[in-house]
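Per Swiss-Prot, the features are:
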SIGNAL    1-18  signal peptide
CARBOHYD  ASN35  N-linked glycosylation site
CARBOHYD  ASN77  N-linked glycosylation site
CARBOHYD  ASN89  N-linked glycosylation site
CARBOHYD  ASN113  N-linked glycosylation site
DISULFID  CYS167-CYS176  disulfide bond
CARBOHYD  ASN226  N-linked glycosylation site
CARBOHYD  ASN297  N-linked glycosylation site
CARBOHYD  ASN302  N-linked glycosylation site
ACT_SITE  GLU457  active site, proton donor
DISULFID  CYS540-CYS629  disulfide bond
ACT_SITE  GLU554  active site, nucleophile
DISULFID  CYS732-CYS761  disulfide bond
DISULFID  CYS764-CYS769  disulfide bond
CARBOHYD  ASN803  N-linked glycosylation site
Amino acid sequence: MHLHLLFLLALCGAGCMAAGPSYSLRGSWRVSNGNSSLELPATVPGYVHSALQQHGLIQDPYYRFNDLNYRWISLDNWTYSTEFKIPFNRSEWQKVKLIFDGVDTVAEILFNNVTIGKTDNMFTRYSFDVTNVVKDVNSLKLRFQSAVQYAECQSKAHTQYRVPPECPPVEQKGECHVNFIRKEQCSFSWDWGPSFPSQGIWKDVRIEAYNIAHLDHLTFLPLYDNTSQAWTIEIEASFDVVSTKPVGGQVTIAIPELKTQQANHIELQHGQRIVKLLVKIRKDVTVETWWPHGHGNQTGYNTTILFALDGGLKIEKAAKVYFRTVQLIEEPITGSPGLSFYFKINGLPIFLKGSNWIPADSFQDKVTSELLQLLLQSAVDANMNTLRVWGGGIYEQDEFYALCDELGIMVWQDFMFASALYPTEPGFLESVRKEVTYQVRRLKSHPSVIIWSGNNENEVALRVNWFHVNPRDLGTYINDYVTLYVKTIREIVLSEDRSRPFIASSPTNGVKTMTEGWISKDPYSTQYGDMHFYDYFSDCWDWKVFPKARLVSEYGYQSWPSFSTLQKVSRQEDWSYSSRFSLHRQHHGNGNNEMLHQVQLHFQLPQRRDPVRAFKDTIYLTQVMQAQCIKTETEFYLRSRSEIVNGEGHTMGALYWQLNDIWQAPSWASLEYGGKWKMLHYFAQRFFAPLLPVGFEDEGVFYVYGVSDLHKDYPTKLTVRLHRWSSQKPLCTFVSLSAVIKAGEAMVLFQMPVSKLLKRCKECTRDTCVVSFYLSTDNELFSPTNYHFLSSLKDAKGMVKANITVSISQKGDLFVFDLKSSTSAITPFVWLDVGSIPGRFSDNGFLMIKKELSVLFYPWKPTSKSELQQAFSVTSLTDLY
């Protein structure tokens with residue numbers, strides 16, 4: 001445990017009283033189970049599972065079938081306890097508080113054997129007045145109740161009508177009634193994750209002492225007035241005033257870089273008080289705005305605020321303040337029924353390019369700063385500008401949002417309600433009110449957060465009747481829905497934060513949903529709001545199966561993670577596609593067969609007899625399939641941004657499902673557990689590029705669109721080439737010299753009937769040739785090289801097995817992989833792998849159209865040339881047969 005005294009940033013003079021001491025109770029505690037047969041040290045913040053693993057009482061919970069083997073841990077009731085001395089004289093302070101930033105989840109709290117309160121919500125901060133019970137030496141206990149048992153009890157107590165779903169699908173091997181507890185919803189299992197409803201103190205816990213007044217929270221909300229064309233900052237400070245007399249004083253705000261300093265007089269009455277201040281930014285000073293990644297800088301301004309209060313109390317805080325505006329534009333579109341649905345940042349329409357974020361681990365104490373940095377940097381490295389924090393996980397750590405601010409990642413923030421109906425008893429709603437108020441105040445200062453969304457998929461679940469409720473009861477469930485998301489959550493958001501939009505659900509029809517009583521008649525409409533779309537049976541190479549929607553905030557296909565990732569949590573008997581382990585790890589019903597179905601549409605299944613080799617080959621093919629499917633779908637959304645076809649289009653967002661993994665298993669992720677890039681993530685780096693040529697066929701005609709995320713028009717040259725699979729030398733080249741791609745638009749650059757294309761390249765047929773194309777300026781490559789297959793690759797003719805050799809050299813902190821192919825044929829889907837060595841390549845999963853190629857490797861931890869050489873392997877499609 002550590003003492004943190006909150007010293008002022010400026011030195012106090014005579015008679016000045018510094019803010020009181022803050023004593024962290026982080027560190028070593030004790031944890032014991034219900035019958036005291038187990039007692040062991042436990043680290044706080046932390047979880048029971050982590051303590052048991054750390055002391056050798058259990059294996060890695062993710063190993064093989066341990067999610068089932070260790071179910072007993074979540075069904076037991078655990079107690080955390082500690083003793084501590086306070087390093088200050090308690091008689092000198094008017095108030096002493098015990099503060100928990102996060103308790104997971106249901107616990108009775110005993111301070112010196114006195115029950116001071118209970119917790120039942122993982123997502124809120126708890127503060128307890130211990131002034132009258134604190135001693136020089138103190139004991140603290142948290143008696144947890146099993147979250148599984150609590151949820152079951154709450155469900156049984158709800159006798160009027162069922163609140164489905166009662167239990168998850170059997171494939172998920174999860175627990176029931178998660179909608180009755182304010183806990184990470186996926187901790188009871190999901191279709192990509194295990195069931196580990198653990199118990200623990202998952203965030204900081206501390207003792208705070210103070211006199212006169214205490215600053216509980218402080219927020220900064222920059223607002224732009226279009227009429228005056230000036231910025232103001234709305235500052236909100238929440239105080240706990242312990243003085244029985246009114247407390248006067250002065251607050252001074254300083255932003256040196258903006259030449260802004262302002263002083264205001266304030267007076268605080270006894271009790272919980274909120275002070276709101278407006279700081280006007282000088283109009284003669286240029287304010288640099290915060291921009292999403294790829295659109296500008298993430299400029300922030302160092303700001304200090306000093307509260308000089310009666311009694312000599314001075315409280316000074318420092319923060320970085322960012323200026324940006326966000327608008328959700330829903331307005332009529334020429335040539336289309338319905339309304340637009342897109343975001344303007346600082347007045348500029350922005351196409352949302354990115355993915356969906358889930359918790360990075362079942363145990364948040366394992367999510368380090370380094371891991372968050374790695375995962376979020378990987379999103380930026382793949383040219384993403386948006387992540388949707390999905391509503392079945394957690395409101396992320398402070399550091400997550402700070403990193404998003406710094407990296408320019410826009411955050412679509414769900415509230416934590418997902419794929420379920422929820423109760424609306426007074427106690428439940430009161431807990432939700434505290435949760436939402438706390439989270440909005442915690443997060444609203446972050447420029448990265450651009451929208452609040454009330455829930456994940458609960459509107460569509462009601463309308464389509466996912467849970468088979470009796471139609472006669474639908475009115476009851478709709479009333480509960482409106483009570484929770486509109487009358488409770490929405491009202492709090494509108495009162496706490498007027499700077500960003502709110503939608504009640506995702507997907508939603510936006511204002512159309514509102515006018516239809518919050519449950520839209522057609523939540524799958526392509527002409528309003530956002531959409532979630534999944535189709536595992538239609539041919540994913542056929543772009544016509546995808547919806548030409550306004551914004552697609554979920555879509556995806558599964559794949560298996562790398563063998564090196566699985567190897568850490570399995571053993572040799574598990575290494576086949578049909579093993580018990582493979583079936584156990586797949587939590588999506590029929591998921592393994594769905595992957596093979598998509599693979600077989602365009603590829604032959606592996607033919608090697610070695611079962612482990614066949615397993616590795618199948619893993620590889622699922623990653624190829626996933627990458628190619630999502631490439632096709634994403635490129636369709638990208639090229640639909642500037643057109644209306646049959647009343648549909650103006651697509652302004654593509655957020656595929658999902659970015660990251662919670663454990664080592666088949667899922668929709670592009671980043672494996674721990675951060676290793678799947679093939680999809682390398683593809684995303686290309687298809688989310690700022691300037692991209694997109695090729696496709698329609699009614700026998702081959703088109704190339706130019707898609708731009710740039711802020712100005714660019715004259716470019718489009719080069720289209722046809723190659724035989726058997727030769728890297730292009731047979732034909734078509735060049736368009738006068739292509740001017742307009743800023744922020746998608747436009748046709750090239751079109752030609754495929755029959756004419758093949759006729760002009762006389763030695764080409766659909767089966768023997770492939771098309772590549774790229775944009776350039778003055779012989780400089782200006783876009784990724786893209787490609788279009790003229791046939792399924794299982795029908796392709798002329799492919800030759802390639803023996804690709806590598807020479808590795810070190811260049812500073814990087815490594816250069818010089819690749820050389822033994823054949824002059826084109827090699828599809830070349831996959832470079834260095835096993836478990838952390839890092840990523842500059843490119844991967846590519847078509848090798850040159851005999852020699854250099855690729856960079858960026859290590860995430862120190863490594864050596866010899867380690868890389870030993871771990872290196874290369875796989876291509878031709879190696880499988």
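Cβ coordinates are placed from backbone N, Cα and C, and glycine is handled just like the others.
Shown on the structure are the features that Swiss-Prot records.
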residue : record                      : Cβ within 10 Å
ASN89   : N-linked glycosylation site : 9
ASN113  : N-linked glycosylation site : 8
CYS167  : disulfide bond              : 14
CYS176  : disulfide bond              : 16
ASN226  : N-linked glycosylation site : 8
ASN302  : N-linked glycosylation site : 13
GLU457  : active site, proton donor   : 24
CYS540  : disulfide bond              : 22
GLU554  : active site, nucleophile    : 22
CYS769  : disulfide bond              : 28
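Taking the Cβ of ASN77 (N-linked glycosylation site) as reference, residues of its chain lying under 8 Å away and at least six apart in sequence are, in sequence order, ASN33, GLY34, ARG143, PHE144, GLN145, SER146, GLN149.
Following the DSSP three-state reduction, the secondary structure of CYS629 (disulfide bond) is helix. Around the Cβ of ASN35 (N-linked glycosylation site), 8 further Cβ atoms fall within 10 Å across all displayed protein chains. Considering only the recorded positions ASN35, CYS732, CYS761, CYS769, GLU457 (active site, proton donor) has ASN35 as its nearest partner by CA-CA distance.
Looking only at the recorded positions CYS540, CYS629, CYS732, ASN803, the one with its C-alpha closest to CYS764 (disulfide bond) is CYS732. Note: ASN297 (N-linked glycosylation site) has non-local neighbours GLU288, TRP290, TRP291, i.e. same-chain residues 6+ apart with C-beta under 8 A of its own C-beta. Neighbour density around each Cβ, counted as other Cβ atoms within 10 Å, peaks among the disulfide-bonded residues CYS629, CYS732 at CYS629. Cα spacing between CYS732 (disulfide bond) and ASN113 (N-linked glycosylation site): 84 Å, rounded to the nearest whole number.
Residue pair ASN302 (N-linked glycosylation site) / CYS629 (disulfide bond) shows a Cα separation of 45 Å. In this structure the alpha carbons, written CA, of CYS761 (disulfide bond) and CYS629 (disulfide bond) are 28 Å apart.
Calculated from their C-alpha atoms, the gap between ASN803 (N-linked glycosylation site) and CYS769 (disulfide bond) amounts to 21 Å. On the backbone, the CA of ASN226 (N-linked glycosylation site) and the CA of CYS540 (disulfide bond) stand 45 Å apart. Reduced to three states, the DSSP call for ASN226 (N-linked glycosylation site) is coil. Ranking the recorded positions ASN35, ASN89, ASN113, CYS769 by the distance of their Cα atoms from the Cα of GLU554 (active site, nucleophile) places CYS769 first.
The number of other CB atoms found within 10 A of the CB of CYS764 (disulfide bond), across every protein chain shown, is 21.
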